[in-house]
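What TrEMBL records for this protein:
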| type | residues | note |
| --- | --- | --- |
| DOMAIN | 4-100 | domain 'Pyrroline-5-carboxylate reductase catalytic N-terminal' |
| BINDING | Ile8, Gly9, Ala10, Gly11, Ser12, Met13 | NADP(+) binding site |
| DOMAIN | 163-267 | domain 'Pyrroline-5-carboxylate reductase dimerisation' |
Amino acid sequence: MVNKIAFIGAGSMAEAILAGIVAKEVLPAKQISVTNRQNQDRLNVLVNQYGVFASTNKEEVVSGADVVILSMKPKDVEAAIATVKPYIKEDQLVISVLAGVSTDFLSEQLSSSVPVIRTMPNTSATIGQSATAIAAGKFATDDHVAKAAELLTAIGTTTVVEEKDLHTITGLSGSGPAYFYYMVEAMETAAVNAGIDEKIAKELALQTISGAAQMLKQTGENPSELRKKITSPGGTTQAAIETLDQFKFQEAIEACITNAAKRSEEMGAAFKISK
Ligand SMILES: NC(=O)C1=CN([C@@H]2O[C@H](COP(=O)(O)OP(=O)(O)OC[C@H]3O[C@@H](n4cnc5c(N)ncnc54)[C@H](O)[C@@H]3O)[C@@H](O)[C@H]2O)C=CC1
Ligand SMILES: O=C(O)[C@@H]1CCC=N1
């Protein structure tokens, strides 16, 4: 049972998560507290929109919280932890959404054995549709993982993974929504360039991606089976897929995920433990 959640960082990811928690009535909005570096206007927006408590006073925000969610950019993590560390106790649970930053580094910065869970949500959290991966740090027990998972179901699905896999998973599902947006952008542009009205191109492309996602979920069939059902021999889809193959579609996606994972590793390498 969670009684109070504190967000350190009040940007888009914090908003997506707290919006989900408020919408699903996981706990009353007043029991969610938020802080940021110093932007009072931004805090006022969150207070007015969601009814949460917000303050730039770190002690007020963190004290008594069962769960503290680190939701600043990786570059700000050291400064942010330094300001909240005096108020973080070992009976609290720290959940990080920071890309690349290891739980060992966070534990070292917190200089205590407070349990730390590292997660990788995505921006579909805004509508309760995140695919969130969760990994336990060395001081986190199965109960802590279960508590984090229960909380994060407010923003979508949760999958427990090993921390070593989080770089690749960031490339898969953390950044993943962007690949589909990019695909839709490309499809719309291609249709418009071929003379289709922009509004019509948008409407058809949007329902196509949405319908395809629902087909994958509702039929439970493999993407390759679904693809084969559309591909009549010698027909239009075969011509289209052959074109994607000529442009090395599979290799492009492999390189896309590998490079995102590599970037996550590089980002994490800036936050190495000292021993
Ligand atoms: N945007 C995305 O798709 C995803 C982002 N993430 C991770 O979420 C984290 C946050 O990203 P966004 O919300 O997009 O960033 P953002 O820039 O919108 O928000 C960052 C927040 O941190 C606050 N902050 C900065 N320094 C601080 C300090 N010293 N003390 C307290 N608060 C401080 C800022 O005031 C701001 O409210 C990042 O670490 C990112 O890696 C994870 C998954 C997906
Ligand atoms: O682009 C980024 O670094 C963050 C992490 C995953 C999605 N957005």
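The chain as shown is numbered from 1 upward.
Glycine is treated like the rest: Cβ placed from N, Cα and C.
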| note | In this structure, the one of the binding-site residues Gly9, Gly11 whose CB has the fewest other CB atoms within 10 Å is Gly11
| Got a sec? Which of these binding-site residues, Ile8, Ala10, Met13, has the most Cβ atoms within 10 Å? | Ile8
| remark: Around the Cβ of Ser12 (NADP(+) binding site), other Cβ atoms found within 10 Å total 12
| query | When you average the Cβ positions of Ile8, Gly9, Ala10, Gly11, Ser12, Met13 for the NADP(+) site, which other residues in that chain have a Cβ within 8 Å of that mean position? | reply | Phe7, Ala14, Glu15, Asn36, Ser71, Met72
| Secondary structure composition of the domain 'Pyrroline-5-carboxylate reductase dimerisation' (163-267) [DSSP: H/G/I, E/B, coil] | 90 helix, 0 strand, 15 coil
| note | Mean per-residue pLDDT in the domain 'Pyrroline-5-carboxylate reductase dimerisation' (163-267) works out to 97
